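First up is the structure itself, then whatever we jot down about it.
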Amino acid sequence: MTVLTDKIAVVTGAGSGIGEAIATLLHEEGAKVVLAGRNKEKLQNVANQLSQDSVKVVPTDVTNKEEVDELIKIAQQTFGGLDIVINSAGQMLSSKITDYQVDEWDSMIDVNIKGTLYTVQAALPTMLEQSSGHLINIASISGFEVTKSSTIYSATKAAVHTITQGLEKELAKTGVKVTSISPGMVDTAITAAYNPSDRKKLDPQDIAEAVLYALTQPSHVNVNEITVRPV
């Protein structure tokens, strides 16, 4: 028996990169996985590599609260419960404050901050009612280390980290666990557009393994935060 047998997991941003790696690993470990993201074709490509009776594709824009509410509802209707939610959907745009690209600021705030909050608020009532569940938010080292071109992105990821810290305090003694995972540079299509190829990067699988570590601790242990860097 694998370690997550019959656990029901929702993964946002599951069509590629970190989200795809997380969803695939959780499925390999026995979880029933709901794949969420904007691009239905990419989600279906991921699903086609998994066992069809334990995977569900739900195209979802995390900036739309109604779609996120429906995502969680479909997950419960399809598999009969909800145990794990991974907020992996994210957007990284190189946008300085002095560039005045307000539309880019709004987009990153909507995806990275509001998307995380919408998913949490949709999943929490069920988890609180059953006194169990695990929320994992993918933050970033950029939330702690700001470059001249990452101010807004870094601010949104700092917010994700702070949201997770606050949730951990709010949910203490409820049985619901909360974890923030802050990766360094990860080799994905998003980072390829902004970073030199010779810079050391993590593999998306490295982040998936960190997620699995947090999920497989004893019931009395909550891993509050994990930082993952390339060496």
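Placement of Cβ uses the backbone N, Cα and C atoms for every residue, glycine included.
Remember, predicted model here, so these are calculated numbers, not experimental data.
Summarising the annotation, Swiss-Prot assigns active site, proton acceptor to TYR153 and lists similarity to another entry as the type of evidence. Marked as NADP(+) binding site by Swiss-Prot on the basis of similarity to another entry: 10-34. Positions annotated as substrate binding site by Swiss-Prot, on the basis of similarity to another entry: SER140.
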- Across the binding-site residues (VAL10, ALA14), the Cβ with the fewest other Cβ atoms inside 10 Å is that of VAL10
- Note on the structure: Cα of ALA14 (NADP(+) binding site) to Cα of the residue listed as 'substrate binding site', in Å and rounded, measures 17
- Could you tally the C-beta atoms, other than its own, that fall within 10 angstroms of the C-beta of SER140 (substrate binding site)? 26
- Item | Which same-chain residues, if any, lie at least 6 apart from ILE18 (NADP(+) binding site) yet have Cβ under 8 Å of it | SER88, ILE138, PRO183, VAL186, THR188, PRO204, ILE207, ALA208
- Message: Suppose we draw a 10 Å sphere around the Cβ of GLY30 (NADP(+) binding site). How many other Cβ atoms does it contain, all chains included?
- Response: 14
- Query: Per DSSP, VAL34 (NADP(+) binding site) is which: helix, strand or coil?
  - Reply: strand
- Item | LEU26 (NADP(+) binding site) versus TYR153 (active site, proton acceptor) - Cα distance in angstrom | 28
- Task: Would you count the other C-beta atoms found within 10 angstroms of the C-beta of TYR153 (active site, proton acceptor) for me?
- Result: 25
- Item | Cβ neighbours of LEU26 (NADP(+) binding site) where a neighbour is any other Cβ within 10 Å | 26
- Between SER140 (substrate binding site) and VAL34 (NADP(+) binding site), how far is it from one CA atom to the other, in Å? 23
